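Undergrad: Pasting a structure below so you can have a look.
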Amino acid sequence: MALKTLSAKAAAALDRELMSTGAFSIDQLMELAGLSVSQVVYRVHPAEKGRRVLVAVGPGNNGGDGLVAARHLRNYGYQPTIYYPKRPKNDLYQRLAKQLEDLDVPFVDDFPTALQSTDHVIDAIFGFSFSGEVREPFPAVIQAMTETKVPVTSVDAPSSWDIEDGPPKSGVGSNFHPDVLISLTAPKPLVKHFRGRHFVGGRFVAPGIAEKYDFDVPAYEGVDQIVEVGPEGLKL
């Protein structure tokens, strides 16, 4: 049975529903998403493999998920570093950044240089709402993630990929293939182009909402916020 996916339009509608009839706040959803991301990194890159984690943070909700993940990773004993070149004035994002500053998590301005001294990268630049062309300063960041030998975990979508069609045919991101992908709430159609380790996170969707949007809530175990799935959607 093929993995059921959510289009960008459906994913946006689902988010709105979770925050209306589902009674979640955006803070809650971001906290749960970031917790899922942190658990994926803990699973695929245990601290004994190297504690340094570089988080590339975009200006939207995907970036917010990355900031939350960094806080959890810091509390797990990792040493996160944040690249956050376009900080919104939105109060939520400012609070997430302040929480990291209070934990003495460093923020850096030079991504390629920081990449030379890290053990793992979290790509939290663009999520399912991305479309159009990649704007500065992110083309060089995506190119650096493409060329590095350091393992990369992408949040919801590899940055620059089209949500329906996967990697662009040419230009920025056309050769970007991260090692790990965590699909939040449900996978997006781009997963058919992804060949790395794939996880689903989002242990908060009520069965009725999942049924309405025609996707499966995986069987999470114990305290896990994530499930690893294969290309056919089977739990690994």
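Any Cβ shown, glycine's included, is placed from N, Cα and C.
Below are the features listed in TrEMBL for this protein:
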- ASN61, ASN62, GLY63, GLY64, ASP65, GLY127, PHE128, SER129, PHE130, SER131, GLY132, GLU133, ASP156: (6S)-NADPHX binding site (BINDING)
- ASN62, ASP123, SER159: K(+) binding site (BINDING)
- 11-216: domain 'YjeF N-terminal' (DOMAIN)
Undergrad: Determine, to the nearest whole angstrom, how far the Cα atom of ASP156 ((6S)-NADPHX binding site) is from the Cα atom of ASN62 (K(+) binding site).
TA: 8
Undergrad: What other residues of the same chain, not counting ASN62, ASP123, SER159, have a CB atom within 8 A of the CB centroid of the K(+) site?
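TA: These residues sit around the K(+) site: ALA56, GLY58, GLY63, GLY66, ALA124, ILE125, PHE126, GLY127, SER154, VAL155, ASP156, ALA157, PRO158.
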Undergrad: Looking at Cβ-Cβ distances, which residues of the chain lie under 8 angstroms from ASN61 ((6S)-NADPHX binding site) while being 6 or more apart from it?
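TA: In sequence order, ILE26, MET30, GLY127, SER129 meet the Cβ cut-off.
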Undergrad: Taking the Cβ of each of the binding-site residues and counting other Cβ atoms inside 10 Å, which one has the highest number: PHE128, PHE130?
TA: PHE128
Undergrad: Can you tell me the mean pLDDT for the domain 'YjeF N-terminal' (11-216)?
TA: 94
Undergrad: Sort the binding-site residues ASP65, PHE128, GLY132 by C-alpha distance from SER159 (K(+) binding site) and give me just the closest.
TA: PHE128
Undergrad: Ranked by the number of other Cβ atoms within 10 Å of their own Cβ, which of the binding-site residues GLY63, GLY132 ranks first?
TA: GLY63
